[in-house]
Structure formats: C-alpha cells, structure tokens
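K.L.:
Let me begin by handing over the structure; questions about it come next.
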Amino acid sequence: EKIKICLQKQVNSSFSLHNGFGGNLYATEEKRMFELVKPKAGASVLNQSTWIGFGDSRTDKSNPNFPRSADVSVKTANKFRSLTGGSLMLSMFGPPGKVDYLYQGCGKHKVFYEGVNWSPHAAIDCYRKNWTDIKLNFQKNIYELASQSHCMSLVNALDKTIPLQATAGVAGNCNNSFLKNPALYTQEVTPPXXKCGKENLAFFTLPTQFGTYECRLHLVASCYFIYDSKEVYNKRGCDNYFQVIYDSSGKVVGGLDNRVSPYTGNSGDTPTMQCDMIQLKPGRYSVRSSPRFLLMPERSYCFDMKEKGPVTAVQSIWGKDRKSDYAVDQACLSTPGCMLIQKQKPYTGEADDHHGDQEMRELLSGLDYEARCISQSGWVNETSPFTEEYLLPPKFGRCPLAAKEESIPKIPDGLLIPTSGTDTTVTKPKSRIFGIDDLIIGLLFVAIVEAGIGGYLLGSRKESGGGVTKESAEKGFEKIGNDIQILRSSTNIAIEKLNDRISHDEQAIRDLTLEIENARSEALLGELGIIRALLVGNISIGLQESLWELASEITNRAGDLAVEISPGCWIIDNNICDQSCQNFIFKFNETAPVPTIPPLDTKIDLQSDPFYWGSSLGLAITAAISLAALVISGIAICRTK
C-alpha cells in the first residue's frame, strides 16, 4: 500500500509570533537581549597592569602586623607605594619627627589611600594650629595633576642659592626645629647698628627631570608669614613684611607683599604661616623677602603631564578616640575626574582601632579585579550595556546606560518555527517593532563598525543558502545609515544651542551629560530593536532553508524507496518499506528531530572614550548565528494514504 508522508510545521497556543525583517518566527520562549546590571560599591580598575596606588600603613606590606593591619589584599598591596606613618603631605613639608617617604611611581589610573597621618590628631604646629585648609588645597592639586600625568614623584632636594647673611632657623612651636619644606632662614642682627638687616634674595631651580622621572610641571608650596598689623612685624622699625616668588621673567608667581597688600587687621601679636599650592614649570625662580626671615621652597612634587587617567581617592580617617579631618573627601569631590570611596560606618579595625576595617576591605576588594566600567556609583564588570540607575560621574571605561527593563527588546528562544514575513525594506511590518522610527529621538553620537552590522549578520546569499539576499540587506542598511546621518545632524544643532548655557552655567554641563546619556540609551535600544528584527528574519530564512536541506537528506536516504512528489512530501510503499525502514528514512534512527537548536550568540560591545567629560559614543555591534549544524525541531511527520 502506498502512503503519503509529509513534513509539517506544527504551532499551537504556546507559541508566540516574532516579526522580523526578512522573515518571522514562532517561538515557545523569549528572552531579553540584555539584563540590567547593578554596580558594585567601592573601587576597581580598568586594567591591572596600568594602575598604581599611594598609601600608608593600611596598604603597607612591611608593617609587622600585615595583613591584619591592611585594608587591602596582598595582591593589591603589591601595587601600592606605601610606608607606615607616611602621607604625601608629610613628605611635602617634612615636619620634625614625622615619617618622610619618597613617594613616586607611574600608572594611568592612580589610587590614593593616605592622608590620615596629617590630621588634627597629629597636632602639628609650626606657626599654624590648623592645617586642614592647606591639606585640602594640597590634596586637590595632587589629584588634579595626577589625573593628567602617567608618572609623579616627590622631589626632595631642590637646587638653591641662599644669601650669605641667612642661616637655618628653628622655632619653639615646631619642636625647636622646623619644616624641611619650606626651610626657615633667619638673619642675626645687632641693634642699633644693624637693627633690620638686609633684604633676602635667594634662588631655587625646579628640574626637568628627577632621577628617571620627567618633570613638566611641579607642585610647589609658596609659604609666607601673615602678620595682623604692621606694628607686629615692624617692632624694630623695619618697614613692611614681604615674601615673594618671581619667575625668570620677573613675574610674581607666589607669596605675599604687605607693601601693597593690607594686613589682616586682627588683634593677634604672633604671626601664622600660610602655604599656597602653586603649579610651576621647570626653571630658575627667585625669592625676595624682607629682612630677618626667609621661607625657602626646598621640595616639590613633579608630574610628567603625559597621560590623562582616572583618579580614585579613598576616605582616610581614624577609628574612635582620634580626631580626623575630611580634607581628602572635599578635595576629591571638588576635582573633576576624581572618584571618592567613602565609608558608611565609623572606622573599626581588626588589628587595632585604626587598622583592618572590614567595610573598607569590602570597598577596596574590587582593586583585585578588572572592571569594564568604574564610576562614582561603583564598578561594573558585566557586559550588559544597561543598568537600572544612572551611574554618577566621573566614570571611565565602557559604562552601561540607564534603561527600564521593559524597554529592552526580546528575542525568540526555545523551540523555533519559521514562517514567511516582511522584507528588510518594509518599514512597517505586520507587528510593529521597536526599530528605526524610535531612533530619531534626542542626541546621539554613534558609529557603526566599518563592515556594518550586516557584515556580521547577513552577508550575501550563497548556493548553499543562509541569510537574506544581498540586495535586500544593502537597502536595509542604507536606510539605517541615512537615519544615523539625520541623528548626527540633529546632534550638532542641539549642541550648538547648548553652548551658551554651558559658558554661563556649570550646572548646565551636568544637565547636558545626563541628557546625552538618556539619548544614548534611547538610541541604543532603538539599534537593538533593529538587530532583533534582523536576527529574527535571518533565523527564519535560515530555518526554512534548513527544512529544504532536511528534505534533501530524506530523499537521499530513501533512495528508490520513496518518491518526492512535492517539496517536503514523499510517496512510499509500506509493503516494501516497513516501519523500521520508515524510521530510518524519516527519523534518522530516533536521532532527529532534536528538541533544541544551537543558542544565539548576540553581543553588543559598547565603546566610549576613556574620559567621561566630552566623550563620544561608538557603538560596535556584532551579532552572529550558527546555522551550519542546525537541525530543525518542531516538525511532525504527517502520513496519509
């Protein structure tokens, strides 16, 4: 008896329809193209080989209580330049009896976890009871210059020329000694013959190189005394106080001149010392001061200014019973590009009250890893381009954009059945997708990879099949390209309108960045909608072609036992070919059909400039589908007599 056997696609109510460019699909499941990621609190780095840390006892491997005394792992401690009791500011000024460590090193990303050793608890005087405002200014300049340099180093001995009449001085309020920088020089005079002494003229040189470290810019402390009145300084009738630094052209670059500037007018009778942080290029500088006292710059921090990079500052405070300041926090928050890591609880140590805090260890544990994105909100190492909340700037790397979960396109999954659908040139498929029309919104900086997403996704039709036609794909991508040009033009117009706002309002800069981020997110979601439609269409056509390949395989296996009367249908004599014979031909000895297909490999690589301010967005899109070994599922064998 002759019977008719056909391959028949079966779809029931459990399937959902997915429309695409070039073909449609029925699927039993669906999944979002990406999930939302949540940043991890604390610090991390983009590249383990290109960062360096500067620290103190909490990152010092040589501390006798290490690792219990540390807030970082052994791996991370190896990246730090640290010494117990040290700080960058202590090494800059060198107060008597304090640790003096030569801080220097190179790295694109710099992490600073130091500062606590110069705080109110240290009780450093030297003509100044409270150094917090100077510390704030010092740390701010360090973070600013570090963000523009690959290498930095303390220069602990500047070449100088001191006037013969001046000798090194000491102060009772400085442990009967004085700072190493500035150094105090005094003139001993014998009234009345020489009651005032001579004006001081000294010179110092900022080098272009210190050891192996290139110096294109120096951070120098310009220190001078502040007198409340002329009478306080002028007890000997020696005119007004002044201490001024000049560059080689005679321009004033630092200091105080009470010959032209008023005294404070307060009622005190003891001077205080002020130190301004000034940024100077290498060269020879002169210092002129009124008789009796000279404060001489003898140290600097030098920076090569060769590479911009992230800066992370970690809150550096004492545990209980010791007074801290928050200069590090304030300095970082007021410095563009500086990410601040802050505790939420009081510092509670393991080794003692001040070393080995568990919360800080957790916040710094990310330094052991590489992240795709680092930001003030935390760090992300997942590949998804979307996060639920807007990541606060500064941020560096490939940072996800804020999006709502329901706005992320879904792709078919599970059991897939192809059906005919629309062509790539059709702008309104039967079921509208989130696609090209949604793209023309807001601001967008976008660049498609050189080959175009079609280079990864579609390609030209070959003899063996696979993909939609080359002509159809080209028309579709030509439309995408034209729409992107419209977006670019709209972006330029919008930016020009915002220029005036930015020049007059700093808040506008922050508003603009948020506006651009939102527009980028909308545009990226639109691009994903296009990719989803292309994926669906490409899979649909690939599955249909695989059906014909399956039919050809059946015909070949049947040989003369079955005659193909139409695509996917055969006539067979069951008297000649029994059930086991039919199973061999149509079921491949129970090995087909299989219940699943190879998974889709859909990757979005979001690339941005490494610096957040003024960055542009590049969108590199790759989407690949493996159809080479695809075996169709969801196929029933229909038998009729």
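Any Cβ shown, glycine's included, is placed from N, Cα and C.
Note that the coordinates shown come from a computational prediction; the quantities given were computed from them, not determined experimentally.
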K.L.:
Per Swiss-Prot, which of Cys174, Cys196, Cys275 is disulfide-bonded to Cys223?
P.N.:
Cys275
K.L.:
According to Swiss-Prot, which residue out of Asn47, Asn117, Asn175 bears the annotation N-linked glycosylation site?
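P.N.:
Cross-referencing Asn47, Asn117, Asn175 with Swiss-Prot, N-linked glycosylation site lands on Asn47.
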K.L.:
So Cys126 is in a disulfide according to Swiss-Prot. Which of these is its partner: Cys106, Cys151, Cys174?
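P.N.:
Within the candidate set Cys106, Cys151, Cys174, Swiss-Prot assigns the bond with Cys126 to Cys174.
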K.L.:
Between Cys106, Cys215, work out which one Swiss-Prot annotates as bonded to Cys151 by a disulfide.
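P.N.:
Recorded disulfide partner of Cys151 in Swiss-Prot: Cys106.
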K.L.:
Check Swiss-Prot and name the cysteine among Cys302, Cys338 that pairs with Cys332 in a disulfide.
P.N.:
Cys338
K.L.:
Disulfide partner of Cys238 per Swiss-Prot: which of Cys196, Cys215?
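P.N.:
Checking Swiss-Prot, the candidate bonded to Cys238 through a disulfide is Cys196.
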K.L.:
Say we define neighbours as other CB atoms within 10 Å of the CB. Which of the disulfide-bonded residues Cys106, Cys215, Cys223, Cys302 has the fewest?
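P.N.:
Counting other Cβ atoms within 10 Å of each of the disulfide-bonded residues Cys106, Cys215, Cys223, Cys302, the minimum falls on Cys106.
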K.L.:
Between the Cα atoms of Cys275 (disulfide bond) and Cys302 (disulfide bond), find the distance and write it as a whole number of Å.
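P.N.:
Rounded to the nearest whole number, the Cα-Cα distance is 18 Å.
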K.L.:
Does Cys126 (disulfide bond) have same-chain partners at least 6 apart in sequence with Cβ under 8 Å from its own Cβ, and which are they?
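P.N.:
Residues satisfying the criterion: Pro95, Ala171, Asn173, Cys174, Phe178, Leu179, Met273.
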K.L.:
Please work out which residue of Cys151, Cys174, Cys238, Cys338 has the most C-beta neighbours within 10 angstroms of its C-beta, and give that one of the disulfide-bonded residues.
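P.N.:
In terms of Cβ crowding, the pick is Cys338.
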K.L.:
Provide, as an integer number of angstrom, the distance between the C-alpha atoms of Cys215 (disulfide bond) and Cys238 (disulfide bond).
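P.N.:
So the alpha carbons of Cys215 (disulfide bond) and Cys238 (disulfide bond) sit roughly 39 Å from each other.
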K.L.:
Between the disulfide-bonded residues Cys106, Cys151, Cys302, Cys332, which lies closest to Cys196 (disulfide bond), Cα to Cα?
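P.N.:
Closest by Cα distance to Cys196 (disulfide bond) among the disulfide-bonded residues Cys106, Cys151, Cys302, Cys332: Cys302.
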K.L.:
Work out how many Å separate Cys223 (disulfide bond) and Cys302 (disulfide bond) at their Cα atoms, rounded off.
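P.N.:
Cα to Cα, Cys223 (disulfide bond) and Cys302 (disulfide bond) are separated by 18 Å.
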